[in-house]
Amino acid sequence: MKTLITGGVRSGKSTYAEGLLADATYLATGVPRDDADWQERVRLHQERRPASWRTLETLDVAAALTATTGPILLDDVGNWLSRTLDALEAWNDETPRRGWQTAYRDARESLVDAIANYEDDLVIVTNEVGFGLVSPYASGRLFTDELGRLNQRIAAVCDQLVLVVAGCPLVIKDGHR
């Protein structure tokens, strides 16, 4: 079964997602940082997971899904998008790199195809950005728009969609693509 878990920052979505799988490969998309707050977030995530879980830190999630078998927890799509747009130099508000859209579209389609074709249990965590304000900055609007579109594409190929609010899961879609 493929399950997409969405919710706001600190909504409890990762904790809920971790509880869905007894054993898994954890695909981490966040980039290691020197930031003490970030390191604390990573440490807390690691402490919650069973010691038997394998962790794979990667931006190439499509390749990891193709090469891995067994249950997977992908955490999270927002970090994947942010790092992908960063690598494509799409953030510059004044002069974004030309052609980034085509490269991004290819990366997005590879990710969605890999999710759709994954044959074992797959739990995917993402951020729900649709409840927030519209950013006054082009880069913020780009991230919000693209994550919203990507979440829709992923939800379409998942069997289940769960919204987590204040630690409480609400099943939005159950068992039907």
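First residue shown is number 1, and so on along the chain.
A Cβ is built for glycine as well, from the same backbone N, Cα and C atoms used for every other residue.
No curator has checked TrEMBL annotations; they are predicted automatically.
According to TrEMBL, the features are:
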type: ACT_SITE; residues: H45; note: active site, GMP-histidine intermediate
type: BINDING; residues: G7, G8, V9, R10, S11, G12, K13, S14, A28, T29, G30, E57, D75; note: GTP binding site
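Recorded features from TrEMBL, shown on the structure.
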| residue | record | DSSP (3 states) |
| --- | --- | --- |
| G7 | GTP binding site | strand |
| K13 | GTP binding site | helix |
| A28 | GTP binding site | strand |
| H45 | active site, GMP-histidine intermediate | helix |
| D75 | GTP binding site | strand |
- In angstrom units, rounded to an integer, how far apart are the Cα atoms of G30 (GTP binding site) and H45 (active site, GMP-histidine intermediate)? 12
- Chain-internal residues near V9 (GTP binding site), provided their CB is under 8 angstroms and they sit 6+ positions away: N127
- CA pair D75 (GTP binding site) / H45 (active site, GMP-histidine intermediate), Å rounded to integer, equals 10
- Most distant Cα pair in Å, residues G7, G8, V9, R10, S11, G12, K13, S14, A28, T29, G30, E57, D75 binding GTP: 23
